[in-house]
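If you check TrEMBL, you get these features:
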DOMAIN    13-191  domain 'Aminopeptidase N-like N-terminal'
DOMAIN    227-445  domain 'Peptidase M1 membrane alanine aminopeptidase'
BINDING   299, 303, 322  Zn(2+) binding site
ACT_SITE  300  active site, proton acceptor
SITE      386  site 'Transition state stabilizer'
DOMAIN    519-828  domain 'ERAP1-like C-terminal'
């Protein structure tokens, strides 16, 4: 597609005075923006971004000028009477009057709905990332176009009004409340934000005096704000110390919104969230969701430095925002709550997600070229820009050491505060302290897609290492000789072994005195690559280290992930993976079982269309979980238990319900029926209990939960109900759900993709859900195109399919859309995901059939 010119090259804004009147009864806004800026070169025309706005007048230096709108390029073009330049005129002053309509699409300025006392209420909120500021006011809507913003809002006097900065003054005029806010620091337009409506809050100050407030609608219990408030305060205090840089604003608001497309948004000083990612009712919140909330808050607060104080120059370096914030969310949460062992979640979720996605040909690199705004939404791939990027930064931190890493970050902020930066700027900051060329080490990882498979073999007295790009789909287009500079993280270290392997292969003499010790690579699961030990001795030693508990947790997780990926690629088979999992029977770590569950559910997709094989596979899973199920049971011990066991119980019981273990199903339904209120269900087990009750309990449970879903305001509980309802096996209930997908009271637009994908993952609902998706695609496009969730449909629906018939359906429907920039990559990778599943299914079914008749042992596996 053709490139779109960047407007910062022809006009550089310095200051915006933005005045908006928010007219809720008429669902419109009226505004005037005064922009002061300079011209890099003489010109007789100016271009600003504007989309969906009605332009009423335009002045340049106080004189009216002609204007026109280019709707294809989202541009407002001002015709100047003569060629002018800043050298002769000084700063250029623009004044533009405009108006716009407010709708329900979850970007720009939109309506956010909630119900109180059976009446609908509205919040008006903004979501301007990535390029939606142009939908609210004319501007240069690019991250490099940093400027100071002075905002004035006219609203209903009964409403709370929030913006990036504290209130400067308020007055009343002609029935409107006029709120003027302090000027912002220099910042990118996408960070401007405001919220107007009925809200409650709690407040607390940091040790440095920054006021932190957490806001929610009045239907939420006040105590649900407490956990977020404590976390947000501690996060700011942590980052001020870690970065050696004070939080730059006098306040930081955190607002829970009932309708919000993204998980959260780091608007400077006014961070917005989905309710589930900020609110934690102490009576109903699970430990898992408290951990999730803490990491999300830490992620967004870190953005106040990464992204806001220093911003990427262009969207190709989005990873400078998101990858760092993803790494920092774990660093911060671990400092605030060390007993949670939160790094386990990093190694499990971020490693698994990034390795699975990055193993597909055609996946985007961490740094991806962007030439058109429509490509930007596709950048926000959680597995790549967030997870892989964070993994690469963790790898760098382990390579240079924590002290050098922190010194590099402090230098980066010192040099680029209130400005823009690129990846090379970051590498130079690290290089000043690392004593090596960091760009040379890191560019191959950030600028190219994929990662290497490091094959480790022993022949006589020699150790052989060989690297090549790993892919779950064999394609001739992949470069056979592609290599990466791999930090080996080996233990024990051999004198002849380099710390970074740059060659395609190396051969090193084994020491005579190694005493038959395994030489481990990627120690601590620190690098973004797979290690495949080929010698029988090495495999035996790994199995032994798993079973005696001496292999560190990150490496145990790496063994599970590597085995599954090797099976998907055809280097091994699913039977060998199941055999390998037997080595973890005695492992009591919840992250290990969560990783194992992910593998089990992926294999389950391969056998779901063969009833006899599925039954045999479930028997194997039942045997696998037997010891942990017996140890944990359903009840928390009277003397309490560890966080690990609380979370592990939910994972193991979820697997027990999957296997249709009669005792587990009976107990789950019994607990549901004996509990007087859903709020009283054990929080960590609630999801398992509700799913079992819907799938296997009396039919009236479905109706009870649909009613609870309508009237309950607890965001985590509502999510558990949604996932339970979507797991139903009852054909009539499936039809009822499908019929309500466009009912905005029942299914919020922010949750629509979750409902659809969850129904597609349910084999009993798959056909009906797919028919609804293709029949209602134009409606989805009308309401969600432009949202980051839009590409979720092709991306995640593909993960439900593993047959030629479904691949054909997928290609027939999504194929014609592959030219759309926002969907192209998701569709291409969706095709490859289904193809890989089909190939694995065809290879593995005979072996799984044989395996389902016996009880495999770990030694039967050729893995890891």
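For all residues, glycine too, the Cβ spot is worked out from N, Cα and C.
Spatially close to residue 303 (Zn(2+) binding site) yet at least six residues away along the chain are 266, 321, 325, judged by Cβ distances under 8 angstroms. Of all the recorded positions listed here (299, 300, 322), 322 has the Cα closest to the Cα of residue 386 (site 'Transition state stabilizer'). Sequence-distant contacts (6 or more apart, same chain, Cβ under 8 Å) of residue 300 (active site, proton acceptor) comprise 254, 264, 265, 266, 271, 273, 325. Just so you know, the Cβ of residue 386 (site 'Transition state stabilizer') picks up 25 other Cβ atoms within 10 Å once every protein chain is counted. Other residues of the same chain near the Zn(2+) site, with their Cβ within 8 Å of the Cβ centroid of 299, 303, 322, are 266, 300, 302, 306, 307, 321, 324, 325, 326, 328, 329, 386.
Non-local contacts of residue 299 (Zn(2+) binding site) by the CB criterion (under 8 A, 6+ apart in sequence, same chain) comprise 264, 325, 326, 328, 329. Residue 386 (site 'Transition state stabilizer') carries a helical DSSP state (H, G or I).
Residue 299 (Zn(2+) binding site) carries a helical DSSP state (H, G or I). Computed over the domain 'Aminopeptidase N-like N-terminal' (13-191), the whole-number mean pLDDT of the model equals 96.
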